[in-house]
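Peer 1: Below you will find the structure I want to go over with you.
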Amino acid sequence: MKLSLAAALLGALAVSAQTSTECNPLKQKCPADPALAGSADFGLTSESPRFHATGGTPTYGNDGASLTIGKRFDAPKLTSDFYIMFGYVEWEIKAAPGKGIVSSAVLLSDCLDEIDWEFLGGDPNQVQSNFFGKGDTTTYDRVKFHPAPNNNQEFHKYAVDWTADKTTFYIDGQNVRELTPDAAKGQYPQTPMRVLAGSWAGGDPSNNQGTIEWAGGETDFSKVPFTMFVKSIKVTDYSTGKEYVYKDMTGKWESIQAVDGQVNKSGKPGSGPKVESSTLPSSPSTSAHVPVHTVPGGGIGNPQAPNTGSSPSNTLTNGPSSTMTSLVGLPSSWIVTETGTGGVVTPTSAAESTSHHSDYTSRSSRSVSSSVSASSGNGGHGMTTSTGSGSAPTGTGSLPGSGSGSAPGYPVPTGTNGGGSNNPTDGGASPTSPAMQAPGSTGAIHSVSNALLLSFCAIAAWALV
């Protein structure tokens, strides 16, 4: 697969727009992460209370959870209500077909450590593996490609064995990639992770051309439905205790405390006490983490559904302190809000209520909000949404470039296909790269807001004359 530089850069941005965090413990004090603290086999032939659905309504049957894109802007996703601190996760998946359709299986932490499997519907014979540390997107040599024949016609098992010393990727039990902290060059994922799976349309015609090209081409929505099946998810948490707490803001695994337990550097899949898949966390502090919504960054996404086809305004407001604007170069209908540090988050569905808005999309220090979803509560975490559409945004900033809101100086992706060999060397290599953050967005927002206010006043004064 060969991509232009624009496709690589904007495609990377599109993928990063899918992962986010509600409260980043490297920047502020956050609630504890409820632990699985054992092993569980989640057969998804029926709904599991331990996985929360957003961006669409899954159905359940013999093939497991059906995550269906039935219309434009659907982006169904399952997110666990628990975390693991080193462990093993195996997703049994049949990826969604369709040009431009992206299926993902992801581990994601509150501080944006991330481990991904990603499938492109237009390329049913390979899968991509990827990783990120603390949301760092300064290099584009982390992804690898692996043979995965007929992945949208047949079920296969995609697993990650994540320890302090090594992360191993498996396809149907075969080791296809190993990642060590040294190979990760300081970006090794090492903080408590949630488990996710979902799909979205990277080929939506309102997205940037680079995003569409990365996803494999423009999606033809006359061919819906596009369905990803998740038959089961097996999870082992190698550590113990009722919850995980960040003792400081270093993001090192040694700084993670297991309350009433211990952090174990490694373990064995299936080990530890068996956790009933229907059992909800009982720790008093977990209520702040039960997903009241949420997505994609680097991995799974949630460019979730707008409910109108109208064009969004360039600058929107929702509440007294959440001015939002779009940035040139962002995928369509993603805008930036000043109530945070800036970055990329995907839209949330207008159909989702307040009780569905704090899990994956809103769990973000990349405080970006969508212009396409209805206003909803945000649990006090600075994430805002308002009604709009999926058309391509305009605004300040450029990609790449300089100035407020721009994403300057991104390197050209280099490297080769990781292939599917056993024990491949790591570091990743690919022209595609999830997760590109848009820095400096807060200043851009203030500039745009002030400029619009001055313009409005000037027009009003002129009219009076």
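The backbone N, Cα and C atoms fix where each Cβ goes, and this holds for glycine too.
Okay, so Swiss-Prot annotates it like this:
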type     : residues               : note
DOMAIN   : 22-223                 : domain 'GH16'
BINDING  : Glu118, Trp200, Thr211 : chitin binding site
CARBOHYD : Asn264                 : N-linked glycosylation site
COMPBIAS : 277-287                : compositional bias 'Low complexity'
COMPBIAS : 339-348                : compositional bias 'Low complexity'
COMPBIAS : 361-376                : compositional bias 'Low complexity'
COMPBIAS : 383-397                : compositional bias 'Low complexity'
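Could you tell me the structural context for the features on the list?
Peer 2: For Thr211 (chitin binding site), the Cβ neighbour count at a 10 Å cut-off comes to 27, with all displayed protein chains included.
Under the DSSP three-state reduction, Asn264 (N-linked glycosylation site) is assigned to coil, being neither helix nor strand.
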Peer 1: Sorry to bug you, but what's the C-alpha spacing from Asn264 (N-linked glycosylation site) to Glu118 (chitin binding site), rounded to the closest Å?
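Peer 2: Distance between the two Cα atoms comes out at 28 Å.
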Peer 1: Averaged over the domain 'GH16' (22-223), what pLDDT does the predicted model reach?
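Peer 2: Averaged over the domain 'GH16' (22-223), the predicted model reaches a pLDDT of 96.
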Peer 1: Please give me the CB contact count at 10 A for Trp200 (chitin binding site), counting all chains in the structure.
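Peer 2: Looking across every protein chain shown, the total is 38.
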Peer 1: Could you give the Cα-Cα distance between Trp200 (chitin binding site) and Asn264 (N-linked glycosylation site), in whole Å?
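Peer 2: Per the Cα atoms, Trp200 (chitin binding site) and Asn264 (N-linked glycosylation site) stand 35 Å apart.
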Peer 1: Same-chain residues six or more away whose CB lies under 8 A from the CB of Asn264 (N-linked glycosylation site)?
Peer 2: Met85, Phe86, Tyr238, Ser239, Thr240
Peer 1: What whole-number value in Å do you get for the largest C-alpha pair distance within Glu118, Trp200, Thr211, the residues recorded as binding chitin?
Peer 2: 15
